[in-house]
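Undergrad: Structure provided below as structure tokens; questions to follow.
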Amino acid sequence: MSGPVLSLRGVSKRFGGVRALVDVDADVHEHEVLAVVGDNGAGKSTLAGVLAGAHRPDAGQVLLDGRPVLLDSPAVARSLGIAAVFQELALVDDLDVVENVFLGHETVRGPLLDEVAMEREAWRLLDQLAASVPEVREPVRTLSGGQRQVVAVARALLGSPRVVVLDEPTASLGVRQTAEVLNLIVRLRERGHAVVLVSHQAGDLQAVADRILVLRLGRVHDVFDGDASYEDLLAAMTGAVRPGAPHRRGQR
Amino acid sequence: MSAQPGGTGLPGAVWQRVRIGTGLLPIVAALVGIWLVLGAINPAFLAPENLVNLTLQSAPVGVIALGVVLVLLVGEIDLSVGSLSGLAAAVVAVGSVTLGWPVALAIGVALACGVVVGLGYGALSTRLGLPSFVFTLAGLLFLAGVQLRVLGPLGSINLPFESWFVRSVQQGFLPAGVAWALVVAVVVASAAGQLAARARRRRADLACASVPQVAVRTFVLAAVLSLVVAYLYLGSARGIGYSVVLFALLVVVTDVLLRRTRWGRSVRAVGGDRRAAMLAGVPVRRTVVLCFVACSTLAALGGVLAAGRLGAANQGTGGADTYLVAIAAAVIGGTSLFGGRGSAWSAVLGVLVIQSIANGLTLMNVDQAARYMVTGAVLLLAIVIDMLMRKRREA
């Protein structure tokens, strides 16, 4: 396997007195789903935010293809091929599906928007995700939770980013919709994207993750292979140590 | 289930048009209703001469309301538009009369004042994160003070009647032939644009409007424009004033900017959900600053037009209820106070509603007190409707 696309080296981030991330190392490869799990407050969303350019680390480096990069804003990360789907999805309810997918990256034809090209591309992205969005000119407010998730992912895929960061994509979804989103993630991996999947639902992740990074109190507690047992993950997340865990690599 | 471009049901583009259309339809109906009632009470209201007056009264405050629409769309407000318009009027009068500048230069300086104030507001909003309600309230007082200082001890300065500026605002009207030529040009351009868009969508295999739909829309547009022009040039009526032409042009340009450009899309996104827009990579700060600048500049332009219409600038120009009328007009016209939803056309419709009521009640010799109360009631109604629609959407 080639080297990692995106790496964190010794990344720390604090919010006031709270140490959200402490000296975190992580690597993301193409054709791979890296899951990040942890209990509430373990620093998962902060880690996603650092990768996506929403948070700037206080210390440490973000490396893209081995070279340090400065991710100032989601727009900068985006331009470097790192797209994120945030927990709150960041969709504008009053805008329709096409407008949301292209928000901030609209196609223009001369001085005016090229609605035809955008509508076609939106259909192409949604088809590629085998999405069940019936109509792209309806405000996203009218869509179901799963459909909104699909729209947010479609937006992330615009311009074929190399890394897709998904923050808690299944948190607000039902059983069937969760399965749809997990299918979507497998499809992203098959298409060669590097996927970072942040979740606290350890059970969901085992289905799709190639590697599972466990955060606890802002530190990387452990990295498991994708077939780690539920008990091991739970133990690592909560700190209830289970001696002799088989997949433990003893990173730290 | 696979997504089919142009699947069953009404095609997307058509729905979008319908949505935009239905947004403005209630207010158009209300306007027609108001005209019928006022005309029934006093037929003089519907006389072409009076309606020409109505358009001339509406243009200056309409230009201000257009700017207010932009700040409301981005989720902010500007309470100082009245004071700023008064200051702009004072700058034009003092510059061109007292200081002897060419009128064009004085107008340019007045508009530049608007740009500077808008940049200041933009900085206060995006850099310091202050609420616009508060700093534009401060601006309202501050600019009113500057206006008085600029006017000096006299308090009122008359513009020379023979200057091209006053003449064109007060007595400049499109010749009937030109007005009709414009109607034809607009209708042809609209039909051609719709057919071209239809052809492109068809080639791209997307849902598109049918030819009868295009024909109906074109016919309605032609009928409305012809009716307006025919009526305003009827008998001794003077027709369409240059200031009205300027207002209409600004509305059309703003409408295209809002609906068909990246900037317009950013405005709606920032007003709809600022954090989501920021995360999606929309340049939020730039969008907000530009809206403040556009609003202040349009407010200054409205003040310039008011000075031209009055032939003078005094301490009352842009004072009293100007800013309330401009903001009320934008809201009555259907632009949401909560940001994200609205249209350039709401400035036109809202101003026509308010000025129709004012004009009609004046014709009936009803006093200022009743005028305020009726306008207040209409504004309340508009806000209630806005709130109810918002609730229903979120339900």
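Each residue, glycine too, has its Cβ placed from N, Cα and C.
So TrEMBL lists these for the protein:
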TRANSMEM  B:24-45  transmembrane segment
TRANSMEM  B:51-74  transmembrane segment
TRANSMEM  B:81-99  transmembrane segment
TRANSMEM  B:105-124  transmembrane segment
TRANSMEM  B:133-152  transmembrane segment
TRANSMEM  B:172-193  transmembrane segment
TRANSMEM  B:214-234  transmembrane segment
TRANSMEM  B:240-258  transmembrane segment
TRANSMEM  B:288-308  transmembrane segment
TRANSMEM  B:320-338  transmembrane segment
TRANSMEM  B:345-364  transmembrane segment
TRANSMEM  B:370-389  transmembrane segment
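Set these features in their place in the structure for me.
TA: Listed as Cβ neighbours of the transmembrane segment (B:51-74) (distance under 8 Å, sequence separation of 6 or more from its ends, same chain) are residues 81-82, 85, 132, 231-232, 237-241, 243-244, 246-247, 250-251, 254, 258, 267-268, 270-271, 287-288, 291-292, 294-299, 301-303, 305-306, 309, 322-323, 325-327, 329-331, 333, 335-337, 339-344, 346-348, 350-352, 354-356, 358-359.
Within the same chain, residues 60, 64, 67-68, 105-107, 109-111, 113-114, 117, 139-144, 146-147, 150-152, 157-160, 163, 165, 295-296, 299-304, 306-307, 310, 312-313, 315-324, 326-327 sit at least 6 positions outside the transmembrane segment (B:81-99) and bring their C-beta atoms closer than 8 Å to a C-beta of that stretch.
Long-range contacts of the transmembrane segment (B:105-124) within its own chain (CB-CB distance under 8 A, at least 6 residues past either end) are made by residues 78, 80, 84, 87-89, 91-96, 99, 130, 132, 135-136, 139, 143, 165, 285, 288-301, 303-304.
Within its own chain, the transmembrane segment (B:133-152) has Cβ neighbours under 8 Å at 77-80, 82-84, 86-87, 90-91, 93-94, 98, 117, 121, 124-125, 313-315, 317-319, 323, counting only residues six or more beyond its boundaries.
Listed by sequence, the residues of this chain that lie at least six past the ends of the transmembrane segment (B:214-234) yet keep a Cβ under 8 A from its Cβ atoms are 17, 48, 51-52, 55, 176, 179-180, 183, 186-187, 190-191, 194-195, 198, 240.
Beyond the ends of the transmembrane segment (B:288-308), by six or more residues, the same chain brings 59-64, 66-68, 70-71, 73-74, 76, 78, 80-82, 84-89, 92-93, 107, 110-111, 113-115, 117-119, 121-123, 125-126, 132, 159, 165-166, 168-170, 243, 246, 250, 263, 267, 270, 317-318, 326 to within a C-beta distance below 8 angstroms of the stretch.
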Undergrad: So if I exclude everything within five residues of the ends of the transmembrane segment (B:172-193), which remaining residues of that chain have a CB under 8 angstroms from its CBs? That is, six or more out.
TA: 214, 217-218, 221-222, 225-226, 229, 233, 238-243, 245
Undergrad: Taking the transmembrane segment (B:240-258) as reference, which of B:24-45, B:320-338, B:345-364, B:370-389 has the most Cβ pairs under 8 angstroms?
TA: B:345-364
